[in-house]
Amino acid sequence: MEMQHYCHRIRVIYRQQFRCFGTKYSGRVVVEAENGRSFAVEVDAPTLQTDSRGYALPRRDLICKVSQILKSPPSASSDPFLDLSDYLDTLTLTLTPSEASEVLKSLKSPNLALRFFRFCPSEIPKFRHDCFTYNRILLILSKSSLPNRLDCVREIVDEMERSGIRGNISTVNLLIGTFGDGQGNGVNELTRCLELVQKWDLRLNCYSYKCLLQAHIRLSNSDKALEVYQEMRRRGYRLDIFAYNMLLDALARDQKVDQVHKVFEDMKKWHCEPDEYTYTILIRMTGKLGKPGESLSFFQEMLSKGISPNLIAYNTMIEALAKGRMVDKSIFVFSKMVENSCRPNEFTYSVILNVLAAEGQLGRLDEVVEISKRYVNKSIYAYLVRTLSKLGHASEAHRLFCNMWSFHDRGDRDAYLSMLESLCNAKKVTEAIDLLNKMNEKGVKADTFMYNTVFSALGKLKQISHLHDLYEKMKQDGPSPDIFTYNILISSFGRAGEVEEALKIFEELENSNCKPDIVSYNSLINCLGKNGDIDEAHMKFIEMQEKGLNPDVVTYSTLIECFGKTEKVEMACRLFDEMLAAGCYPNIVTYNILLDCFEKSGRTSEAVSLYAKLKEQGLTADSITYTILERLQSGSHRTTRVRRQNPITGWVVSPLR
């Protein structure tokens, strides 16, 4: 009685601490101590239960134990597979293929699963993989992101064939899905899959055909996909709506219009009701073909079936009508879109905006905005202003911007920036400065980038007084200038011949948190050189090198041009040689400058040699090069400027060309 109580206590403790597994063991006590506190038990091998087909049911305790060993964090001194071998040696029964399949299913690492798959037949006596374990490892590999997963799958299939293991239709379906994902040599691999069907004496089922059809579509082979579809029809199999849409989309992209209509009719004949994606595919196809009437018919058919178009369907329909320049119908569909509570996105507005611009009806943009006023927020206003500015419709952009200013208490930074850029591009700098000053009224703080945009426009127009006043305001009220601000100002003052102001800005830059960069020095050197102070320009050139800044092709080209214009040809040549020695390769502008210098000073032979060097470097001569060469051949040494001026500024700023 005491012994029974003790055994019952052991069983209770075991169940409290560990998981209770399904396999039951029986045994008998063979040795017992006199005091009853220790004993030895001989356990009989369990009788494994089988299913209706006679296959042994998996032992859950064994599966959990093997999985636990394999998933234990590896230590420096042990290998989980050595621990697994030791554990399996203690068993009288070996692991079955169904149990190995369950273990594979529990492993999250594809590499670990593949290693266990190899371990079983090599380390477990009499173990032989069956079709189900092969399918399990193929499924794991197909879902993995291993870079060599296709090679691993090929090796597994080769091993199946060598071992004489006959796969089932699930094996084939897995392989079709794996090799039909658009990677590797998919066409040949799919051919091999069909050869395995013949070899293993299998028949493709409906799911097999769908996998094969989708594989050919992913491999961009709509002809093959259509053949598979026709074979399915002959065998009486039907596609679902997802597969039909994939096939229709593939055929439509390849402009197989007749086949699209035939498949669409088959779809309805086989009682597979089209959805919004089906009709979107048809609308897009006919729209691209320039048949907006047909697109509209499909759209109306969709509505008559009670299908509510989604955003993509509405956008596709509007795009088809816009392509046909049907402005009224485009706006009508847009109004229905809003009426049915489908929120337009930026693409919707861009399509309508483009067709209104193309048809000269931008005045109707107000009508579009009014229709969708419950959806038109600051972001949409900003997008419209930005798009109109890019399309070159500055007045329309400004009018829309004014509407936004009137109807919204707080502004949108992107819209304000777009408007600033539009005004600056249109040379309306007074309006740009006014906008910059009024932004804070709408809760938008003018930032450095905005100031730089206006500074750049003022500099190009040489409006120095406005430039100076705005810079003083920036220093007083913020934001802080950045390196781009200083560089723009140095270049702008230099362009206007304000050398003292340029030097003053450069000095402020040196005393600020920013430090001069190559562009800063290039702008100042350009300013000094072009305004006659070539010696000071050369001193700045030396100074930038002393500060660890390597002159670039713009620096050298600027100085060479300045020395050439002051007839200091030897100095220009010395700088050119120094440039080559420093590993800074001249561009066609540099060569043109020096060629022009040689031609004007009558150094014809040196000009010819320089032209030969230009061609050796692989540079292509431009119109300026040929103009200089023509003057060399004619022997006329004119002193007029040969370099083409920058069409906007006439001032050399990085890059030169």
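Glycine too: its Cβ is placed from the backbone N, Cα and C atoms.
Worth saying up front: this structure is predicted, and the values here are computed from it rather than measured.
Here TrEMBL flags 217-378 as domain 'PROP1-like PPR'.
Summarising the annotation, TrEMBL assigns repeat 'PPR' to 205-239 (among others). Secondary structure counts, DSSP: the repeat 'PPR' (205-239) has 26 helix, 0 strand, 9 coil.
Long-range contacts of the repeat 'PPR' (240-274) within its own chain (CB-CB distance under 8 A, at least 6 residues past either end) are made by residues 210, 213-214, 217, 220, 222, 225-226, 229, 233, 281-282, 284-285, 289, 302, 305, 307. What TrEMBL lists as repeat 'PPR' is 240-274 (among others).
In the repeat 'PPR' (275-309), the DSSP tally of helix, strand and coil residues is 26 helix, 0 strand, 9 coil. Per TrEMBL, repeat 'PPR' is recorded for 275-309 (among others).
Per TrEMBL, repeat 'PPR' is recorded for 310-344 (among others). In the predicted structure, the repeat 'PPR' (310-344) carries a mean pLDDT of 95.
Summarising the annotation, TrEMBL assigns repeat 'PPR' to 412-446 (among others).
Taken from TrEMBL, the feature repeat 'PPR' applies to 447-481 (among others).
Here the repeat 'PPR' (482-516) has Cβ contacts under 8 Å with residues 448, 451-452, 455-456, 458-460, 462, 464, 467-468, 471, 474, 523-524, 526-528, 530-531, 533, 544, 547, 549, 649-651, 653 of the same chain, all six or more residues outside its ends. Annotation source TrEMBL lists repeat 'PPR' at 482-516 (among others).
Residues or ranges marked as repeat 'PPR' in TrEMBL: 517-551 (among others). Per DSSP, the secondary structure of the repeat 'PPR' (517-551) breaks down as 26 helix, 0 strand, 9 coil.
Among the features that TrEMBL reports, repeat 'PPR' is placed at 552-586 (among others). Long-range Cβ contacts of the repeat 'PPR' (552-586) within its own chain (Cβ-Cβ under 8 Å, at least 6 residues beyond either end) map to 518, 521-522, 525-526, 529-530, 534, 537-538, 541, 544, 593-594, 596-598, 600-601, 603, 617, 643, 652, 654-656.
If you look up TrEMBL, you'll see 587-621 (among others) marked as repeat 'PPR'.
Residues 276-277, 279-280, 283-284, 286-288, 290, 292, 295-296, 299, 302, 351-352, 354-356, 358-359, 361, 364, 367-368, 371-372, 374-375 of the same chain sit 6 or more residues outside the repeat 'PPR' (310-344) yet have a Cβ under 8 Å from a Cβ within it. Tertiary neighbourhood of the repeat 'PPR' (275-309): same-chain residues 241, 244-245, 248-249, 252, 255, 257, 260, 264, 267, 316-317, 319-321, 323-324, 326, 329, 333, 337, 340, 342, selected by CB-CB distance under 8 Å and a gap of 6+ residues from either end.
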